[in-house]
Amino acid sequence: MKLSLTKVVNGCRLGKIKNLGKTGDRTIDVPGCLLYTKTGSAPHLTPHTLHNIHRVPAMAQLTLSSLAEHHEVLAEYKEGVGKFIGMPESLLYCSLHDPVSPCPAGYVTNKALQRSTIIGVIEGGDVMEERLRSARETAKRPVGGFLLDGFQGDPMTLETRLHLLSSVTAELPEDKPRLICSVSRPDEVLECIERGVDLFESFFPYQVTERGCALTFSFDYQPNPEETLLQQNGTQEEIKYVHQTKKIKTTGCNQEMTSFEINLKEKKYQGDFEPLVRGCSCYCCQNHTRAYIHHLLVTNELLAGVLLMMHNFEHYFGFFHSIREALKNDRLAQLKELIRRQAS
Amino acid sequence: MAAAASPSSMESAPRIMRLVAECSRSRARAGELRLPHGPVATPVFMPVGTQATMKGITAEQLDALGCRICLGNTYHLGLRPGPELIQKAHGLHGFMNWPHNLLTDSGGFQMVSLVSLSEVTEEGVRFRSPYDGEETLLSPERSVEIQNALGSDIIMQLDDVVSSTVTGPRVEEAMFRSIRWLDRCIAAHRRPDQQNLFAIIQGGLDAHLRTTCLEAWLAKWCHVRTRDPRQQTPGRREAEQMTKRDVPGFAIGGLSGGESKNQFWRMVALSTARLPRDKPRYLMGVGYATDLVVCVALGCDMFDCVFPTRTARFGSALVPTGNLQLKKKQYEKDFRPIDPECACPTCQTHSRAFLHALLHSDNTAALHHLTVHNIAYQLQLMSAVRASIVEKRFPDFVRQFMGTMYGDPTLCPTWATEALASVGITLA
């Protein structure tokens, strides 16, 4: 595994992680994200529906917490977890925790995996001294990369955490990739990229799906002026409405809805025959309407989760593609401003 | 209606079925339905997508499995999202983006399944909505009106459905009322050129009542043929009205409830013996593999059932020997696919062991894998049945099927053995 950077702009790194996989010929683009899975499968999706999605990351994230109970089965299977879960061609990253249902702090234990690249974990809570110590010590070890852990939290302490993050990444060698866990929101992703982070988990689109919502935020930092006006008018209306809505409780994801999404359960979508996002190339937007998704949600049909997951993943992966394009074209500031305007 | 000059044009309902082959022993037939959204090979199993969705699988996945006709339900869709919205969405096809054929049930079955919420009169069925307590009347006219808005390729008459375990005068009442309701459905049908209205033969488990129903039906139809079309008398208009009652297909209803299999098959056989040969016979609510094979032998062409898709969501995979309850511990380390002979995407990629693990998680993908497989199983079974009829080896196919399912053809359930024997197929 080798990180090859093509550009570094104001601390943002653009490049590729190369020489991955069994035959060493696979690459991952950075900044990038990992495909979020539950028990080795993208949520709601079979390989057929997963393959409908464009720009699926080359690397999938498995969570040890979901696989640990099957480790005897895997041992007897002998052909590797990739084949077992039906993703024999995918690169795999195994994290300790599921970012959607993480273990409380203090209960972390380490587990070694053979024939894999080990990622060193940077800990230290919110104590600068401990963070620096963790970074420096881990950097001395022959690890393939670094996982920045414990940087998630509430918006109140965001600035502190971002400051901490900058200090940590400053201690890390530039030629090894930096992953961060539990940070997945578009605005926070950009903040972290500016502080030297390369890879992210993609659980945010899953959380959006679970609350019956669809990602609609724009990442088109070079739109045509007419389209901007149309989009802006739509976005403004939606942002206004969001400020009035209350917290939405959903099973397993007691998260507040963000201004990056719309809630398809709302009555106003009952007769809306537009796609979730005009111009989106995902299977859901190419084939279905907001009215149909609304109906599926109201009737508690399983297909709602499938279609929303397909859209939300595609939208999210498209966002990461736009980050890389923006970096390549020196337009990250425009993208950041666009996202900032849409953040609540 | 234009003046009829020749007898053939008196049979005004479109001929939607073309027979391709018939078994020389049994009553099994292979055919092709010509429907507005494309041809459908018969015998056919139609998966049930009650609320404009085949549960967790996409229209594309269903198409890829080879499904060319599936069901929607008028009662459910009439409540949510309602016919007006679906009409705005260009019909049910447009709303769910399904390019192939749709058949909608009239809402009649819910009279039985939701009996505590319904009340039947000559006018129609009065339902109390389980969602908002509001009362709605589902009359023959309203049912057809909704189905016209849905735009399905085959629509069903509203029939007076009684549970097959009910006996006594209620059964007779329901049978005669169903005929009167058929007339009302035909009269109310605004789109006979785009949507095929099927009649439903009722009569419960009473041979006499069923026969009466069939004959009352056929009498109306046959009446047409004995009339001289060149007669310039008021009788001509009556003949034309009679002609309008002709339907493109028939369903056998009121079975697949709690009745014994012994009574069940006899009612099916009685019906197919009397129904016109050149029109499709749709046996409603039948979907267990053995039942499908036997009822094809008895002369049925179309089937629907929630069983395969419902049982999938409980972790049960259908196989030629029965089913696999994949949540059970015995599958934990079983690295074989559900069925090595199955061509479905689930069996091509996943093992029983993985599905077992996934079924014990909260990832709904597990259910979708099994739904895909179970639909594939049903469709592959029907394909195999059809091929055996076309290749003139259906009786052998039946013996082989029963052997695989029960270990030995002679271990087949008695009712099935008798039913098959009644149409000339012996299993020993």
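Just so it is clear, glycine is given a Cβ too, placed from its N, Cα and C backbone atoms.
Per TrEMBL, these features apply:
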- A:Cys280, A:Cys282, A:Cys285, A:His311: Zn(2+) binding site (BINDING)
- A:114-342: domain 'tRNA-guanine(15) transglycosylase-like' (DOMAIN)
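Excluding the listed site residues A:Cys280, A:Cys282, A:Cys285, A:His311, the same chain places A:Pro275, A:Leu276, A:Val277, A:Ser281, A:Tyr283, A:Cys284, A:Gln286, A:Met310, A:Glu314, A:His315 with Cβ atoms within 8 Å of the centre of the Zn(2+) site Cβ atoms. Among the binding-site residues A:Cys280, A:Cys282, A:Cys285, the residue whose Cβ has the fewest other Cβ atoms within 10 Å is A:Cys280. With a 10 A radius on its CB, A:His311 (Zn(2+) binding site) counts 27 other CB atoms from all the protein chains. Look at A:His311 (Zn(2+) binding site): DSSP puts it in a helix. Per-residue pLDDT, averaged along the domain 'tRNA-guanine(15) transglycosylase-like' (A:114-342), amounts to 87 for this model. Secondary structure at A:Cys282 (Zn(2+) binding site), taken from DSSP and collapsed to helix, strand or coil, is coil.
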